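Chemist: So TrEMBL says this about it:
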- 417: active site, proton acceptor (ACT_SITE)
- 416, 420, 439: Zn(2+) binding site (BINDING)
- 104-308: domain 'Aminopeptidase N-like N-terminal' (DOMAIN)
- 344-572: domain 'Peptidase M1 membrane alanine aminopeptidase' (DOMAIN)
- 649-971: domain 'ERAP1-like C-terminal' (DOMAIN)
- 47-92: region 'Disordered' (REGION)
- 505: site 'Transition state stabilizer' (SITE)
């Protein structure tokens with residue numbers, strides 16, 4: 001039994017024949033009425049149809065969108081607009097994304113029995129059965145029940161009640177269930193009753209069901225194969241967030257519909273079972289074949305949403321400790337536990353819990369916390385109450401992780417998931433449109449936790465590096481989305497999954513940080529304490545949060561706001577994009593305008609009339625000034641005027657706590673440039689970062705001239721902060737610049753200009769690498785930035801960089817146990833291959849064959865594409881397409897090779913005789929991607945035509961219609977880049 005290849009309802013063949021007859025004999029209106037009902041499904045999912053109404057004409061189903069082959073195949077919907085009988089169904093609550101408010105769940109008695117057995121996991125699927133009894137309260141009279149269910153076979157359905165208010169009464173009556181059918185579009189199970197449920201009464205829904213567990217699908221229940229103690233083993237785990245609980249058991253799968261859960265797991269005796277709560281007891285049962293299974297029951301959970309239900313069945317070991325009476329256990333492969341790989345995570349988990357308990361003055365309510373490390377887990381980590389699930393690469397330390405950012409990464413992610421125990425688990429958003437209330441605040445408090453345990457931690461610079469830089473690079477007024485959305489904007493379940501993005505996490509964290517900065521930390525934490533206490537075990541909306549902030553603001557007199565908290569913050573959460581704040585330092589005039597990608601004249605007036613209420617924290621001549629507010633489109637602040645003195649300068653957005661970019665008039669930028677050249681240390685590191693990042697972003701998008709940004713780099717010979725150098729290099733030495741072979745005029749100028757300034761910071765870190773690389777372990781910003789510095793120095797031809805790269809590569813090939821320092825390993829491997837022969841390339845291929853970690857294998861596949869020998873790259877492509885001697889399944893080798901300077905010509909030549917093999921190996925979409933990669937430097941219509949002609953026979957007709965527009969976009973971008981590069985070249989010629 002496999003998953004459906006198209007969407008459908010569960011209906012019986014008997015009903016199909018009946019409706020076929022009706023369709024031939026009755027009017028369409030009667031057919032529509034008949035189409036409302038199906039029978040309780042005991043059919044194979046492959047027999048299901050889209051609508052709940054059988055297709056009497058047996059018309060073919062819609063085809064799936066072209067994609068790379070996967071196994072097992074994922075359940076997919078039919079393409080929108082496909083003509084199916086489902087469109088005959090009259091409107092009803094099953095067409096709405098949100099459940100009708102007729103029933104409120106109170107308690108689940110859930111039993112799950114996955115058929116996972118040792119040494120019997122060769123199939124891509126496992127079966128499971130289950131039972132769930134759901135106690136509900138009826139709020140409106142109804143003879144029809146809707147709850148969520150997806151890809152589950154209904155075995156039986158009963159409704160008991162009304163229930164008495166006292167102890168369970170075995171003599172309680174039953175409500176007839178006349179029919180059960182499934183509305184696949186919105187993923188509902190519908191129960192048609194023979195009597196009406198009464199408002200105010202409680203009932204119990206009793207459902208038995210069965211389904212499939214897929215290998216590595218990581219939605220709902222899934223199982224994984226891994227190696228431990230030299231043996232292949234299997235485990236089973238769950239991922240219910242956001243809407244996958246419905247594929248495990250029928251439920252009311254919305255975050256506001258909290259209930260308590262009693263969970264029972266039936267599993268093979270050789271495995272252990274974990275769930276949200278401590279184990280309550282164990283017993284045995286026999287299946288129909290007489291095999292013995294273990295029945296593990298767990299204590300009752302607190303009120304929680306379905307997306308937090310969690311379970312795992314595994315043969316793992318654990319380490320444990322107790323923190324304030326709470327047992328903390330970390331579970332992992334037995335090898336990993338024996339090697340002490342979980343020790344670091346175990347040692348910091350308890351203190352993180354204690355810190356957040358003290359900060360919010362709310363104790364963690366569960367008696368235990370289990371954290372399990374899965375061999376692979378696509379979601380990285382999940383905060384399930386009492387059973388946190390991690391990808392082991394983000395929880396366990398390996399012996400070779402000493403000179404990496406691994407400790408910091410583990411600390412960040414643990415802090416994030418533990419933060420969810422308050423933001424998300426204790427207080428849950430009312431619906432997914434406000435998901436930032438949990439993800440944004442959990443992301444923000446990562447930094448507070450780390451800073452508490454590491455007082456020397458450079459919180460502002462790390463927040464910029466990890467959070468702010470990425471989201472400001474993607475956010476803009478026209479395309480990006482708001483943080484908080486209206487519920488009515490959602491029409492499909494798939495749209496909920498799309499909310500787990502950069503804006504929810506990074507922009508949400510940035511807005512929380514801005515709120516804290518203009519209120520101050522004490523007011524901020526006091527408001528959150530009130531909010532968390534009020535809505536514990538319940539749900540909240542964004543307005544509830546603002547109300548509690550307003551209450552705390554109103555109770556003090558020190559913080560004065562220009563508007564209510566809701567008025568200030570709604571503009572930031574409901575509007576897309578962010579403002580650019582421009583200050584004229586000669587007049588003190590300040591204005592705001594939305595940030596656009598590639599701003600054009602008068603665009604603000606044409607497309608975006610909204611403004612923000614902007615908190616302006618600022619410094620003048622290095623001294624922090626009083627907070628001011630820009631609460632209209634423009635305003636004059638006389639105190640921000642500067643004199644002609646060389647010592648007079650102003651910087652807006654103190655510590656970059658505001659979510660906006662800052663621009664100045666020419667005088668303002670000139671003053672800052674002069675200060676950098678005279679005494680850069682007078683300007684804090686975070687603001688040297690800010691100026692570089694803002695100036696280059698604004699120049700790229702037509703707010704300032706590129707020369708303004710370049711002028712700020714003249715002082716760099718005196719810059720000893722590697723994170724500032726990182727900001728310079730990622731903005732100046734871009735991927736487009738490196739790959740554009742037409743930039744030969746600029747390269748020697750840029751090389752001379754940068755090397756003259758870069759040599760000091762290079763000498764500092766090359767000495768560390770040669771003499772005491774372990775010293776980098778505690779320098780998180782260096783670990784983040786060093787690769788870009790090393791890569792640029794070698795690209796610019798700095799002989800010491802090339803020599804160090806050769807030394808490290810040769811030492812590693814002679815002694816593979818001595819790892820290349822992780823921060824620069826990718827660069828060293830690439831240059832080792834680029835300047836080597838087939839001997840070095842074959843050595844990497846051999847290393848690839850011995851590696852099991854996906855991350856390491858991907859690193860080696862990229863390094864092997866760095867060869868400059870055409871025949872080696874051609875052989876590499878042959879290996880990839882034929883999947884011999886290795887499959888290279890971690891990534892698309894064709895695209896990887898095409899990204900390199902030599903490789904794109906080799907790939908183009910290879911496609912002439914092998915495009916069909918490439919299409920079969922990677923899918924036709926890969927040919928489109930290769931077209932864009934190979935054509936990444938096109939700048940004329942003739943080049944577009946030539947590229948289309950070359951790929952003409954390789955693409956399908958529908959692809960040909962879309963590629964020209966994309967190529968035109970690439971051309972236009974490159975034409976603009978050429979103009980920009982010409983100005984950069986002229987500036988470099990003048991200043992070199």
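Placed from the backbone N, Cα and C atoms, the Cβ positions cover glycine too.
Describe the structural context of each listed feature in the structure shown, including burial, neighbouring residues and relevant distances.
Modeler: The Cβ of residue 417 (active site, proton acceptor) has 26 neighbouring Cβ atoms from other residues within 10 Å, across all protein chains displayed.
Every protein chain shown contributes to the tally, and the Cβ of residue 416 (Zn(2+) binding site) ends up with 23 other Cβ atoms within 10 Å.
Confidence annotation: the domain 'Aminopeptidase N-like N-terminal' (104-308) carries a mean pLDDT of 95 in the model.
Same-chain residues at least 6 positions away in sequence with a Cβ under 8 Å from that of residue 505 (site 'Transition state stabilizer') are, in sequence order, 439, 440, 443.
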Chemist: Which residues, sitting 6 or more apart from residue 420 (Zn(2+) binding site) on the same chain, put a CB under 8 Å from its CB?
Modeler: 383, 438, 442
Chemist: If you take the centroid of the Cβ atoms of 416, 420, 439, the listed Zn(2+) site, which other residues of that chain have their Cβ within 8 Å of it?
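Modeler: Leaving out the recorded residues gives 383, 417, 419, 423, 424, 438, 441, 442, 443, 505.
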